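Read the structure below first, then the notes.
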Amino acid sequence: WRGLEATPHSTLVPSDEVTINYRHGLPVITLMLPTRSERCQFTVKPVVTTVGAFLQDVQREDKGIEKAEVFATDGSKVSDATLMEVLLMNDFKLVINNRAYSVSPPVKDKLSSEHATEMEDIKSLVHRLFVALHLEDHQIRKERELLQKLDHLKGELLPLEQMRARIMNSADAKTSRLLWVGLALMSAQGGALAWLTWWVYSWDIMEPVTYFITYGSAMAFYAYFVLTKQDYIYPHAKDRQLLHYFYRKSKKQRFNVERYNKLKDELAEAEESLRRLRQPLHLRLPIQEISDKD
């Protein structure tokens, strides 16, 4: 409500010129049209009708009305956006041209508990009917949207999947070569130690050498744990080296790993949503239509 004072030169008319009665649960406002000199009834829907809409109806009914406003009892103007339901809670003044009508809305009888329960049951029934009539169309439309999204994501992922496969094959081959090189080095080391022990020197001389080699290997494994915070387990070490080669190769070939992972997550989410939508408890379609779509 905006704080505007009522027109000071308006003439106050007795309240019986404007009456409000409830008919079939709706307020019926009866007033005397100033230029036509006849009483007219206006049935309003208080939940959806605003004060501005009501005043427009009054002006359309009597073309001689130049100005129509509503004021509260304290003189402040009622906004046109105010719902009639709010206006009819208290007394107000209806000003048409220079005539002010004092209006006292009657107190609406409260619904009985049985009638209120019946109304709630009717509302619940209407809601269930609406859901039953529109659920199938909503599910079909949602399924169509998910299928279009899946096709779009798969189209974007196809070139990335091909590039990833090439990079992964290259990184896997390089990791395998590294493993075979490590096996060859360990074999060469064992052969050299055996040759030095039995043909060149004796075990008394080679024993300290093998001890320091073992101690150096233990230090290397401990250094791996310090750097990676993981135990040196052969499968884990292989996967770590594979990822190292993969990311280095991806950077050289400008493969966007973050975008690839994001698209994969969106694809998995869309597939999960489609799977849940097609569950028998949620999807209420004919069997033949479901078979055709699968």
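Each position is counted from 1, following the chain as shown.
Including glycine, each Cβ sits where the backbone N, Cα and C put it.
What TrEMBL says about a protein is an automatic prediction, not a curated fact.
These numbers come from a predicted model, not from an experiment.
According to TrEMBL, the domain 'Calcium uniporter protein C-terminal' annotation covers 61-263.
With a threshold of 8 Å between CB atoms, the same-chain residues lying at least 6 positions outside the transmembrane segment (178-197) that come near it are 203, 206, 209-210, 213, 238, 241. Per TrEMBL, transmembrane segment is recorded for 178-197 (among others).
As annotated by TrEMBL, transmembrane segment applies to 209-227 (among others).
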Beyond a gap of at least 6 residues from its ends, the CB atoms lying under 8 Å from the transmembrane segment (209-227) belong to 189, 193, 196, 237
For the domain 'Calcium uniporter protein C-terminal' (61-263), mean pLDDT (0 to 100): 81
